[in-house]
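Everything below concerns the one structure shown next.
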């Protein structure tokens, strides 16, 4: 059996495919960035004004330097947005998405003041877990890879060496015993399930083995003739349709945290030694309660690891399992990249401080757990990278921001500037107004904008102020909503879409109206209390907020203030500097600024239409006993029927089974949308459409 041997990496060129060509400042920025990277500059800053196409510039830069790239972003929503943009620009290359797979995560903690221990509680998103596996799989099997990741990529991940050692290579014509392969799959943490075939499982029928790797949506079929692999194929797990024949494939483990029996037994011995050492320390300090607590918890974990190979909170023993020395850095996604990878930090003024803060935030919680006997000291080695450890693991770095921070500007030799927008749009005019009568003035400005079918953003300092202002504007007949951290994530996406569509005209917010919001319909951004110095009214925050009006031809920013603070002056001066450059460029080249037209395509709207069509179709389907529609489709047996559809393909599926499948996929579709996995939801929607077409054909033929 061929295991952790040489992996034949696919080497394909990065190629941007787009109807657009670099325009405005982009050609000069791409050339300058490429020259700096090729000359070996370690830190490069791209100061790119909002809306100048920094993402596209990055894609063209990757095409020029032809190196695997990690793009670090400040949050999941922007990561998804950026990954989609790169997938459109680099359709023939692997663009991966790597974020935390927790939908919900409550870390374990101990509050000494109230003697309260909080158990770890979490919920894992399976689709995000698949995408994480897809990212590591791509990094190990090809070079043309762009991974868009949040800061969670500096948290511990299993070692690449163990991950590769656990891999199995399937090669057509190779000698391999079927039973040995099945045992190997089990050791890789895949589960055999002949009835419910899904990601992370395999099934066996005679000499045919099928598996859906953790990182794939397609299944792999391996056909044996004796002890020889006769055929390898990829197929659609739902329909059974063969996608293509394969000569060679790699199957990686179902978990990044794979440890063989030898490694696990070594780890258990090390944990036992540390426990004995720590108990001695606690007892010498007369901390008998803490010693007893630690003995009970650790002994239980050790028994679970010996019997099951796993225990809750096993990540706290990761340094022992990895065989790392005390205090050494954990392995993480960065270790899966080749040595020459390029790092791009998006919105660096926010993301760089995030990276630096991760370690201390994690340590403050863990110290309490160790001091009070809930964890061994080695639990503190299950952590994100420290800032200096992060720097050791990265090579050349490009920082992207409209407002670069002092750190990146201090590291770089000057900066590359991208001020001109391809559309010719210029930065908005900034007007400072007195706070006296600011709400009445705001109301008048809103009415002027709504008459022109334009939208308004209003930014306040507190949630209370946002809600009170929303109530006041509603009372004066304004169509308005508010947006702050208490509004759930999916609702935020819906609010932004509804604002663009004109469902309402004004959106009131606090700190969410900054990086990454792309709203071409917004012609006015009003900043209340602009002279209140602080994080929300720093020069960086003000420039970012001003940028929200930079996508509209008639964009304006109104700052309500009784004095001009240093932050306001810096923001206004920088905006005026950029305006002057943009106006001069447009005049010289005879460019008339064009409105930015961006399609309002939102999956939530498409799902609503799909639901209406599904209800209309299934409403005509009789289940007996008066049950019609999608509720009937959820009756007992629907899932079993759905599994049968998967196994036998559509042609063999009776109408009732198809209906069950439609209902099940509809539920999955909404689940994916709720997790902001819009691409997944769209793919499931397409499957639902195909199944409904099949059902309609059966009805037309009189078979349903």
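Every residue gets a Cβ built from N, Cα and C, even glycine.
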Motif 'Beta-hairpin' per Swiss-Prot - which of 29-52, 53-76, 77-100, 101-124: 101-124
Long-range Cβ environment of residue 53 (ATP binding site), under 8 Å and at least 6 residues apart: 24, 26, 418, 421, 422
Average pLDDT across the domain 'UVR' (659-694), rounded to a whole number: 76
Cβ packing number for residue 54 (ATP binding site), 10 Å threshold: 24
Sparsest-packed among the binding-site residues, when each Cβ's other Cβ atoms within 10 Å are tallied, from 50, 52, 55: 55
Residues of the domain 'UVR' (659-694) by DSSP state, where helix covers H, G and I: 33 helix, 0 strand, 3 coil
Neighbours of 48, 49, 50, 51, 52, 53, 54, 55 excl. site residues, C-beta within 8 Å of centre, ATP: 57, 402, 418, 421
Number of other Cβ atoms within 10 Å of the Cβ of residue 49 (ATP binding site) across all protein chains: 28
Secondary structure of residue 50 (ATP binding site) (DSSP, helix/strand/coil): coil
